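Beneath this line is the structure, given in structure tokens, with notes to follow.
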Amino acid sequence: MATVSPSYREGGWGWAVVLACFMTEFIICGSLKAIGVLITYMKEDFGTELWVVGSIVSLHYAVQSIMCPLAAALAPKFGVRALVLVGSALYGVGLVVSALTHSIAILALAFVVIAGTGVASVLEITHAELAYYFREKYPLAAFLTFTGTPVGMMLLGPITQVLVDTYGWRGAMLLLGGVSFHLVVAGMLIRRPPNSYQAVPDHEEQLTIDGINSPGQSKKEVKPNKSKISNLWTSVFSALGLEVFVSAEFMILATIRMLYSIGYGGVVVYIVPNGLALGLSAKEASFLTTAWGVGNLAGLVLLASAMHVKLVSVRSAEGIAVSVIAVGFALEPFVSPFVGQILTAFVVGAGLGCAIEGIFVMTRCLPFGDDKFVSVLGWQTFLSGVAAAIGDTVSGWLSDATGSFHATFFLYSATMAAIVLCLLVDAIRIYSTTGSSKQRGLAVLMPSLFKKDSSTSFERVPIQPNTN
């Protein structure tokens, strides 16, 4: 069988897809930060309680997480570009309607259902398209993508305050809706390559990893003489990508991302209130989010550079990052000086930036074909959203019950320590597995990141024509 060099296109139009991913991170995450600035003004305008508006924002985030698996199932049916364009329009319409309505019920419908569904149809769906263009350069692509989050949060938050002072919260929200329509432009950049490279085993018998076909191959079984119920279940199982739960690697990484989401949501919500509780002024506490954002960007740069020069493996980098975060969270409620709070926020932000990039790089290496990557991200996002909702509830209860943020940040520190345990469990699983190490998911897909050679061969395999 004729083979070619074991590499993807490693760029080309993929860099335009990276730009689209950056735009989605910048606009969606930046807008979420901007909404946090508007919450108080919205409460006063609607004449309701703060928890009501806060619950609407929380439900918006919950819907975008819960709907991700459904969006991943619809993408192959209707086309990725079409789904992203519709989702982008829904998000913009949701924000515009939220700015114009005077009913709290319509606000909830627009922001939770319309805008939330729009985000679910855009964010992870766009990220999944990077798998068709990058393998060895995926860490670089992920770095460029995720820089959109801290940049968006650092820019749109302060800009929104200026817009509120100038036009009021409704004018600011309306302008955010207009900016969000630029996601339609980002969606137009989504295009798959006409061909992709897929791994083929060295012999005719197909190898499996944890019950899943080898990397680059999607399991497709045709079993005649099934009952209608069995056929229906098989169709649903395949459409929703439920086979990802069979993989031990996926379950471990999904657990890691769930634990990460608990800590990430906590620092975004409580970093400023914790600073105020330690005696910082409102102006001083406002700089904590900026320090966190700068640190987050620095962490992304640090990990991307380290992996580019192969200084450290992605697993080792992940372990170091979450260990630093665990220490930072543990110290957060005890460091009262302004400079100390700034440094702690910077370090925690840097660790979180390293950690999320490492999680996505390891997710890219799971033993599934490129066409299943969207399902992997969809279910990871669903599980992480559920975990974040539970974590926010528990941490809020701890804060109210104890009257301080000590227990809350200890909880976040414990979640980061639990990630270290997950990495250790996965390392034990890998080294205890019999057979050639070349056939284990992470090592076979990204040998350069793990300082191991791989003789896996690749062949050019046409994928389904894409009309997006």
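Every residue, even glycine, has its Cβ placed from backbone N, Cα and C.
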*If TrEMBL is the reference, give me the range from 138-159, 446-467 marked as transmembrane segment.*
138-159
*Run the contact check on the transmembrane segment (78-97) against the transmembrane segment (171-190): 3 or more C-beta pairs under 8 Å, excluding pairs closer than 6 in sequence.*
yes
_Range from 12-38, 50-72, 259-280, 286-307 with the greatest count of C-beta pairs under 8 A to the transmembrane segment (232-252)_ = 50-72
_Under 8 angstroms for C-beta pairs, at least 3 of them, ignoring pairs fewer than 6 apart in sequence. Is the transmembrane segment (259-280) in contact with the transmembrane segment (104-126) by that rule?_
no
*Do at least three CB pairs under 8 A connect the transmembrane segment (50-72) and the transmembrane segment (373-390), leaving out pairs fewer than 6 apart in sequence?*
yes
*asked:* Taking only the residues in the domain 'Major facilitator superfamily (MFS) profile' (17-431), give me the average pLDDT of this model.
replied: 83
